[in-house]
Each structure stands twice: as C-alpha cells, then as structure tokens.
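Record features, source TrEMBL:
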COMPBIAS  30-40  compositional bias 'Polar residues'
COMPBIAS  41-51  compositional bias 'Low complexity'
COMPBIAS  54-71  compositional bias 'Basic and acidic residues'
COMPBIAS  78-88  compositional bias 'Basic and acidic residues'
DOMAIN    78-148  domain 'BON'
REGION    24-88  region 'Disordered'
SIGNAL    1-17  signal peptide
Amino acid sequence: MKKIVPFLLSGFLMVTAAACSTAKTTSDAPNSTDNSGQVPTAQGAQTAQDDAQNDVRQRQLDSDIRSREQRNNATGGDADRADGDLESEVRSKLEANIPNSKLAVDAEDGAVVVSGTVQTQDQLDKIEPLAKEIKGVSSVAVKAVLAPAQ
C-alpha cells in the first residue's frame with residue numbers, strides 16, 4: 001500500500017501537468033499564444049505538411065474530434081465545454097485543414113486564441129471560420145501572422 005500511493009500521486013501530477021499545456025499543431029509551434037513564433041524553414045513547413053496530410057495522422061485527428069464530440073453529446077451536448085476539449089478540437093481542425101502551419105491554441109470559457117505562423121493569406125483567413133465550426137467556441141482571436149517559409 002505504501003508503494004501504490006506515491007505511484008498514483010505521481011501519475012495524477014503528470015496528467016495534470018500535461019493537461020495545462022497549450023495545444024499546438026506541430027512540435028515547434030509557439031509554446032504560448034502570447035507570441036507568433038519563428039519564421040519556418042522550407043524544410044520545416046514541408047515536414048509539418050507531410051505529417052498533417054499523412055493518412056494515419058488524418059485518422060487520428062478525425063478520431064480525436066469525434067471522440068470529444070461523442071463524449072460531449074453523452075453528457076447532454078451542452079455548448080459550455082471544457083477548455084482542454086476546445087483547445088484540442090480547434091487544434092485538430094486547424095492541423096487537418098491548414099497542414100503546413102505552426103499554430104498554438106489556447107481557450108478559456110469559449111474564447112479561443114490562435115497564434116503562430118501560416119504560409120499564405122488564404123490560410124490566415126481560414127483560421128477564424130474553422131475554429132468557429134467547433135461547438136462551444138464563442139469567439140476567436142487570431143494572433144497568427146503570415147510568414148512564408150524561407
């Protein structure tokens with residue numbers, strides 16, 4: 001019994017720490033929505049696009065969105081959603097539809113903030129409508145900037 005309590009406590013702390021992080025479309029997207037991040041390299045943008053357009057990754061993104069929607073519907077389908085669910089769903093939606101972007105997503109009480117970089121003006125214009133497709137998103141602040149890969 002003495003060994004299981006520290007194990008359970010450390011597991012709980014790890015899950016809690018992971019849940020408090022900003023949702024990102026790529027590993028080198030900004031760690032916070034307070035900044036835009038760095039201008040991506042051409043190779044980095046291509047790697048992010050290849051990853052996001054991979055069949056396995058597309059199925060993972062679809063599954064993540066579907067499972068969170070099903071869980072929300074099972075609890076009554078209310079529009080008042082957990083911040084982590086909103087962050088994850090918006091991130092998945094953006095990653096699937098804007099594959100070579102480097103975006104970070106933060107949500108609080110239905111207000112979503114998206115920062116980072118995109119390659120084209122068309123991609124920048126897609127961010128707000130895509131984020132608003134997610135149930136529970138009441139407003140979207142786009143802090144992302146246009147930064148073509150170099």
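The count begins at 1 with the first shown residue.
Placement of Cβ uses the backbone N, Cα and C atoms for every residue, glycine included.
All annotation found in TrEMBL is predicted automatically rather than curated by experts.
For the compositional bias 'Basic and acidic residues' (54-71), same-chain residues at least 6 beyond its ends with a Cβ under 8 Å from one of its own Cβ atoms are 85, 88-89, 92-93, 95-96, 135. Across the residues of the domain 'BON' (78-148), the predicted structure has a mean pLDDT of 90.
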